[in-house]
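Participant: First, the structure itself, so that you have it in front of you.
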Amino acid sequence: MELIQDTSRPPLEYVKGVPLIKYFAEALGPLQSFQARPDDLLINTYPKSGTTWVSQILDMIYQGGDLEKCNRAPIYVRVPFLEVNDPGEPSGLETLKDTPPPRLIKSHLPLALLPQTLLDQKVKVVYVARNPKDVAVSYYHFHRMEKAHPEPGTWDSFLEKFMAGEVSYGSWYQHVQEWWELSRTHPVLYLFYEDMKENPKREIQKILEFVGRSLPEETMDFMVQHTSFKEMKKNPMTNYTTVPQELMDHSISPFMRKGMAGDWKTTFTVAQNERFDADYAEKMAGCSLSFRSEL
């Protein structure tokens, strides 16, 4: 009897000092052959920072606000995930080869691992940053349900790993700072999750201006409604329920969980919060970025 290899929850692999999901680390070699196009648009975030949200917004912009066109395929087909390489599924590179221009491309890669072609071609980047306390809580629940990640362990032990940058994609602190620095020399629209929650229409307008497009007022209002967390959570084309259960088990925790700012307060203890704040102050010293941990 043939033994079926268990491909779930392998340990992280380090590439240039950055820990990554094993399968994604294996994709980085082939990714060197990736050819960016000047009309590509890169959506980059640290995980759990609003990637799917801004991906849906941008696809709706590209489709002129037509929701039916946006429901043509799941979000991960419409906006291919550059470094994805899950067993038995098409890699990001394979999906991108079949994606007609202009392409929207999703990635969580830090600059050290990003294919140079994206910078050489001056590809526009929409970057979204979210306050790290909510990121840590969301990432913990994502680890519980997404089987390509190592087991998260207890919340307390996961939080320690997060602060030390010993989770997939490494340090949140380094990620948000290096993309902030890049925005001075490269076409990067740097957005904040909390600003998008506070006033989505204002932030969508910024995105429209950045990509050189415009939409009528009523289309904008329609987009705000249909890219809301409530709508996206129940839409199979955005909520990741089309992913095989062996990869994502929504019965453990849904991919789209709460989608709010300040939910960390239901999880962090007073002691954890004090420790986190002290660590944050040290790691973000001298950085001009400021985050709102609640609205």
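Cβ atoms here come from the backbone N, Cα and C positions, even for glycine.
So Swiss-Prot lists the following for this protein:
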- 48-53, R130, S138, Y193, 227-232, 257-259: 3'-phosphoadenylyl sulfate binding site (BINDING)
- D86, K106, S107, H108, E146: dopamine binding site (BINDING)
- H108: active site, proton acceptor (ACT_SITE)
Participant: Among all protein chains shown, how many Cβ atoms are found within 10 Å of the Cβ of E146 (dopamine binding site), not counting that one?
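Facilitator: The Cβ of E146 (dopamine binding site) has 24 Cβ neighbours within 10 Å.
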Participant: Identify, in sequence order, the residues in the chain of K48 (3'-phosphoadenylyl sulfate binding site) that are 6 or more apart from it along the sequence and have a CB within less than 8 Å of its CB; answer 'none' if there are none.
Facilitator: R130, D134, V135, S138, Y139, F142
Participant: Whole-number Å only: compute the distance from the Cα of D86 (dopamine binding site) to the Cα of T51 (3'-phosphoadenylyl sulfate binding site).
Facilitator: 19
Participant: As a test of the contact definition, list every same-chain residue at least 6 positions from S107 (dopamine binding site) whose Cβ is closer than 8 Å to its Cβ.
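Facilitator: Listed in sequence order, they are L42, I43, N44, F81, L82, E83, L114.
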Participant: Tell me which of the binding-site residues K106, H108, R130, K230 sits in the most Cβ-dense spot, judged by other Cβ atoms within 10 Å.
Facilitator: R130
Participant: Rounded to a whole number, what is the top Cα to Cα distance in Å among the residues the record ties to dopamine, namely D86, K106, S107, H108, E146?
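Facilitator: That value is 18 Å for the farthest Cα pair.
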Participant: On the three-state reduction of DSSP, what should I expect for D86 (dopamine binding site)?
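Facilitator: DSSP assigns D86 (dopamine binding site) to coil.
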Participant: What does the structure give for the C-alpha distance between H108 (dopamine binding site) and K230 (3'-phosphoadenylyl sulfate binding site)? Integer Å is fine.
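Facilitator: K230 (3'-phosphoadenylyl sulfate binding site) has its Cα 24 Å from the Cα of H108 (dopamine binding site).
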Participant: Cα of E146 (dopamine binding site) to Cα of K230 (3'-phosphoadenylyl sulfate binding site): how many Å, rounded?
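Facilitator: With distance taken Cα to Cα, K230 (3'-phosphoadenylyl sulfate binding site) is 22 Å from E146 (dopamine binding site).
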Participant: Could you check which of the binding-site residues (T51, T227, K230) sits closest to K106 (dopamine binding site), going Cα to Cα?
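Facilitator: Comparing Cα positions, the candidate nearest K106 (dopamine binding site) turns out to be T51.
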Participant: List, in sequence order, the same-chain residues at least six positions removed whose CB sits under 8 Å from that of T227 (3'-phosphoadenylyl sulfate binding site)?
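Facilitator: The list for T227 (3'-phosphoadenylyl sulfate binding site) reads W53, Q56, I57, M60, P200, I204, given in order along the sequence.
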